[in-house]
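Quick look at what TrEMBL lists:
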| type | residues | note |
| --- | --- | --- |
| TRANSMEM | 12-33 | transmembrane segment |
| TRANSMEM | 340-356 | transmembrane segment |
| TRANSMEM | 363-383 | transmembrane segment |
| TRANSMEM | 389-413 | transmembrane segment |
| TRANSMEM | 434-454 | transmembrane segment |
| TRANSMEM | 466-493 | transmembrane segment |
| TRANSMEM | 527-546 | transmembrane segment |
| TRANSMEM | 862-881 | transmembrane segment |
| TRANSMEM | 888-908 | transmembrane segment |
| TRANSMEM | 914-939 | transmembrane segment |
| TRANSMEM | 960-979 | transmembrane segment |
| TRANSMEM | 991-1017 | transmembrane segment |
Amino acid sequence: MSAISQVSISRPVLAGVMSVLLILFGIVGYTFLGTREYPVTDSPIVMVTTVYPGASADIIASQVTKPLEEAIAEANGIRSVSSTSREQVSIITVEFELNADLEAAANDVRDKVSKSRQQLPTDIEPTIVEKAGPADFLVFLTVQSKTKTLEDVTDFVNINIKERLQSIPGVRLVDSYAGRKRAMRLRMDPVKLASYGLTPTDIQTALQRENVDLPSGRIEGENTEVTLRTQGRLVTEDDFNNMILRESDGAIVRFKDVGQAVMSSQNERTAMIVYNGKTADYGVGTGVSPQRGANSLAIVDEFKKRFEEIKKTAPKEYEIALGKDFTVPVRNSLSEVEETLLLAFALVSLIIFVFLRDWRSTLIPLLAIPVSIVSAFFIMYIADFSINVLTLLGLVLAIGLVVDDAIIVLENIYSKVEEGMSPIQAAREGSNEIYFAVISTTITLVAVFLPILFLGGLTGRLFKEFAIVVAGSVTVSAFVALTLTPMMSAYLLKSGTSHNWLYKKTEPWFIAMNNAYARSLTAFMKVRWLGIVLLLVSFGVAFWLAPKLPSELAPLEDRSMVGLAVMAPEGTSYESMEQSMKEIGNFVSDSIPDLNEERTYTAVAAAGGTLTQPVNGGFQWIFLKEPKDRKSGLTQQQIFMKLVGASQKFRNVLIIPIQLPTIGGYGNTQPVQYVVQAPDLKALIDIMPKLMGEVSGNKKLVFADADFKINRPEISISIDRQRAAQLGISTQAIGQTLQLALSSRRYGYFIHNDRQYEVIGQLDREDRSAPYDLKSLYLKSGSGQMVSLDNLTKQNEGISPPAIYRYNQSYSATISATPAAGVSLGEAIQELDKITSKELPKGFSTALAGQSRDYSESSSSLIFAFIFAIVLIYLVLAAQFESLVDPFIILLTVPMALTGALLSLWFTAQTVNIFSQIGIIMLIGLITKNGILIVEFANQSKESGTSTFEAAKIAAVSRFRPILMTTLAMIFGTLPIALSLGTASGSRQSLGIVVVGGLIFAGVLTLYVIPSIYSYLSRPHKKRKDDGNVAVEEEALLHTH
């Protein structure tokens, strides 16, 4: 006896109030929800940066990076540790598990770094440990000026823009790239230095001595007190040029006697060029990165308000423009899903009306939709979720699901009204008869999503919200089906056999359809062994087809953006690289149609944000108009392929076209990221040329490249220690002289406009343009005589790695590549597995990174979820049916659904991806509902004395119409997703195709195969104690004949 249904029928106001309360709670929860594209999938990352002035990459790796890695590895919850050791700098990226607390993780790393300090060189700069959020900008602006220098523009950005944007709630970082921060450069002439008996060390010492600003006490009177301050700071170019270096016998040597102080920039080798129609000007970009989990759309909305304020108040000399809003695709995607939600509601409503053909009857199950869907927002609020593509997608799919239970209950009540019962009596008996099937199907559907909650990594984080939203909506719908639906049926349905004209016109067609199914089922049951054959064929097709389908993490969406990563050979000068990037920028500006705002952006050695690059690196942003606004009609993929073909035109650089992935923050990398780990550095150096030869020759991979290279021209300087010692010159003095003369070393600081900037010393460019220029450097001997560096050292030319990489404390090289046209990410990774298994000797290992790692982990996680879901459903059904055989019969619907899903992917040329895999898991719950209805009603029929064979037929025919109605409601509710109605919906299309294809294929076969298998396997049942006296209509077959 379903007590809750009986109470709802007896107390209709109570039933209505409960549903209204659910809606009210949902509305309140909705107002507190944030909005973003996908759930938070960014791993907590902590960056550890250490600067060691003048040190080479190998010294950085051995003396700085390795000791720090060993200490950091002891922190808890680490997922991976990767490091880059370049000239003068060590960067360690510590990635933690997704559920780790970022603040606690950063504190743990700081503690480990602090304890390892004594193992590091004494002259390194303080190690910086900082929390890193999402790597990509949400939005950026550009600032240009035709009258101001780049240093002025950078100052304007730092003072007037960054500080105003940093206070936006949810912003983690406001960073400039290609900016040239002001600095005072002391350009020294080595010949003049030597003629005055000075060295670069003397210049640094003089600066530290002369550039001071110290408190000097106070003067105390009887009634007043005055503080004294010694103003010794050097501020202007003249101050630095007149800085006294030495005084001897009245002769003063000033800095202008040995060089020139120039107000310039800290980094002179970076630039961003903005191409605007026919003009190209230098500028500075400023981007905003969000905190982990922040509301991206709210951040950009506030950014645009402040952007307009900045434009209004900025001096006329500065041109400020919005570079790119990266949330436009996010808004489009969310908008499309919202439209899909409304369309799904309309289609489901249409299906229900077609079957019921009466507005009263149609209204009853339709009310389950707003109650279930709106109340889901309260569930989202309680669980701290957001409104995103996946939660909205869950609601779209839930529309077809939440009406199922109401339809099943209504149909059972309606059939009893048709037989002459009063609506109230029919509501009582119909709901009582069907409640067990409603509870069983609901628990089964919820059980399908339970395994997803246990998944870790990207998959678990992505689909946890999706699963809970769908499961929560279905649970509420079951409550509505057992409360509101019986109540409304009791008071809205009309008694008797009076029907409207539409019902009378169409009912003969429905009766004919029922009769046709009954006849076909009777014929099939005569050769019921065909059910076993169909099952075996389904198993075989699924087993054969599964490995043949291409696989990837997620299909690409048209996000109106393509990037070009550009690398020139090591040793390429900044000027040469800048010229190459200008040529590429001109080509893009002239050849690529539909550029957004007719602009394109070129960055050379862009320093800032996540785009820090060596001097031989560049990046080209190509922002396109939205698909609906493109006059050329070209898609992002077509433009990408055009750039792939054009990349071969530029022979002096390597150009790699890149598209933004749908999921994950790997916007500046290729899809394939394959890490080779070596036992030591020498072994890595020996194997990489041969390995890359094999990789580059593979036709399934394009733009193959490795980050680890041995191609940087290097001059190693060997010291004649004996001669140096005889002259009283230490090795440290030689190294320090070279550092201060050549490495843009910071000598100190100065104040300009109340802000602190660096003072950088270095030989003038023309005095350090070739190796023989080192001969002009002099050191001071112990006796005070000037000694040429050439007399103490020898130069040896060679090559070295520009950077040394480590992954999880092993020396590593990461192979990057893009799958060739027609090749999936899964196939590309398999090719690299084959190559490395053949080429790598013992002691080497491999790992995946970036998109490739996410793809691999998601595939294995979802296979686990699929198996776990089947086992869980079997156990749940076994407990509900008090049988081990009935759940087995019901789960035989799964291979048929799987076959339909895989065939639909194959016929539509879709891939197996994270969306289609979730669709397959959903199918388990959806298709088993049909099996539950047939088996439950067959069991009830058997309990009244019907044979197993006849009970199978009676149950299938009596449940034919509700099964058909609920299946079509789910199909039409999912159809907008399958049809990909929108430019951003392509990635989700495979989910809709899987559900629609699986339901159509398995829905038809279930109606025949399940009755036939039931007739073979079902055993006699005991009556459940809570069933009461259930009267099953064995006249169902007679009614349809």
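Each residue, glycine too, has its Cβ placed from N, Cα and C.
Where the annotation comes from TrEMBL, it is an automatic prediction and has not been curated.
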Dominant neighbour of the transmembrane segment (363-383) in 434-454, 466-493, 914-939, by Cβ pairs under 8 Å: 466-493
Long-range environment of the transmembrane segment (991-1017) - Cβ separation under 8 angstroms, sequence gap at least 6: 393, 397, 517, 520-521, 524-525, 528-532, 534-535, 538, 885, 888-890, 892-893, 896-901, 903-905, 907-908, 910, 915-916, 918-920, 922-923, 926-927, 930-931, 934-935, 938, 948-949, 951-953, 955-956, 960, 963, 967, 970-971, 974-980
Six or more residues beyond either end and a Cβ under 8 Å away: which residues meet both conditions relative to the transmembrane segment (960-979)? 340, 343-344, 347-348, 350-352, 355, 393, 396-397, 399-401, 403-404, 407-408, 411-412, 510, 514, 517-518, 926, 929-930, 933-934, 985, 988-989, 991-993, 995-996, 999-1000, 1003, 1006-1007
Under 8 Å between C-beta atoms and at least six residues away from its ends: which parts of the chain pack against the transmembrane segment (888-908)? 534-535, 538-539, 541-542, 545-546, 548-549, 870, 873-874, 877, 916, 919-920, 923-924, 926-928, 930-932, 935, 990, 993-1002, 1005-1006, 1009-1010, 1013-1014, 1017-1018
Would you mind listing the long-range same-chain contacts of the transmembrane segment (434-454), meaning Cβ under 8 Å and 6+ residues beyond its ends? 2, 5, 401, 404-405, 408-409, 412, 460, 463-464, 466-468, 470-471, 474-475, 477-478, 481-482, 864-866, 868-869, 872-873, 876-877, 880-881, 918, 921-922, 924-926, 928-929, 932-933, 936-937, 1024, 1026-1027
